[in-house]
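One structure is given here, and the rest of the page talks about it.
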Amino acid sequence: MCAAAPRGGGRAARRLGAATAGSRVPSAAPRYSRRTRRVPIAYEAEPKPESPGPKWEPENWQQQLERIREMRRHRDAPVDEMGVDKCYDTSAPPQVMRYQVLLSLMLSSQTKDQVTSAAMLRLRQRGLTVDSILQMDDATLGQIIYPVGFWRNKVKYIKQTTAILKQKYGGDIPGTVEELVKLPGVGPKMAHLAMNIAWNSVSGIAVDTHVHRITNRLKWVKKETRYPEETRVALEDWLPRDLWREINWLLVGFGQQTCLPVNPRCKECLNQDICPTAKRF
């Protein structure tokens, strides 16, 4: 479960986003069916006009955010050391780096950062490019990426997506969320993180299981949400845009270390006195 670093990746991020013109082909990739429940996806849209009257925002959210920043100041969570922004080869050409970012995101689903990082290292040792993956047989690819979660499905999705990138985008990755989510094995969270890390563009909040869980526990959504995409829409309705990039990185690490899915460490949490759900645990 990877996340982006909060400040856009510095020099590497600028290199990644540098070669945008001329590297994309506007043709849309074909849709592939998925077994998971579909939730409507809102793409990058024009800013909504401000509605009259006070805007809803959660109680104590700014104080909670500052305390989470304090708890994350050491940057020693798995996401800080082995997140997606640490998985690609910073010395590779920008187009290759963007492809590696996308592959690391595809591998990260339902997989711990340590496992994703190790799989990416093994792939990079063989020269990870669009052409090298297309030339690799499925059995070999499976052996390399194992034991990432659902590795058999990911072999299929990686091969299908890589072929589309070669045919439709000249070996690069799409530059919009709408095009990215049409690729096999790429969901909204991956698309927004790809825009952030690969293109250095903030298109929306990347909501994974940690962000979804923590924002519901803190009541940062007006009403409880069941799916990450619902959570993203609810958060983007009130959270200032200049926090969209940082919030994923903050909450993923916080969820890995303190606000755990089971038996959260509430006694160690600086927000225990102002967390709406702390008393449940």
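Keep in mind that glycine also has a Cβ here, set from the backbone N, Cα and C atoms.
Note on Lys189 (active site, nucleophile): other Cβ atoms within 10 Å of its Cβ, all shown chains, come to 27. According to Swiss-Prot, the active site, nucleophile annotation covers Lys189.
Per Swiss-Prot, the feature [4Fe-4S] cluster binding site maps to Cys259, Cys266, Cys269, Cys275. The DSSP secondary structure for Cys269 ([4Fe-4S] cluster binding site) is coil. Listed in sequence order, Met71, Thr258, Cys259, Cys275, Ala278 are the same-chain residues six or more apart from Cys269 ([4Fe-4S] cluster binding site) with CB atoms under 8 A from its CB.
Positions annotated as compositional bias 'Low complexity' by Swiss-Prot: 15-24.
Annotation comment: Swiss-Prot describes 168-192 as domain 'HhH'.
Residues or ranges marked as region 'Disordered' by Swiss-Prot: 1-60.
Counting every protein chain shown, the Cβ of Asp208 (site 'Important for catalytic activity') has 23 other Cβ atoms within 10 Å. DSSP assigns Asp208 (site 'Important for catalytic activity') to coil in the three-state reduction, placing it in neither a helix nor a strand. Swiss-Prot lists Asp208 with the feature site 'Important for catalytic activity', giving sequence analysis as the kind of evidence.
Annotation comment: Swiss-Prot describes 1-17 as transit peptide, evidence class sequence analysis.
Cys266 ([4Fe-4S] cluster binding site) and Asp208 (site 'Important for catalytic activity') have their C-alpha atoms 21 Å apart, to the nearest angstrom. DSSP labels the residues of the domain 'HhH' (168-192) in these numbers: 10 helix, 0 strand, 15 coil. Counted within 10 Å of its Cβ, the other Cβ atoms near Cys259 ([4Fe-4S] cluster binding site) come to 24, all protein chains included.
Predicted-model confidence for the domain 'HhH' (168-192) is 98, expressed as mean pLDDT.
Put simply, Lys189 (active site, nucleophile) is 6 Å from Asp208 (site 'Important for catalytic activity') when counted between their Cα atoms.
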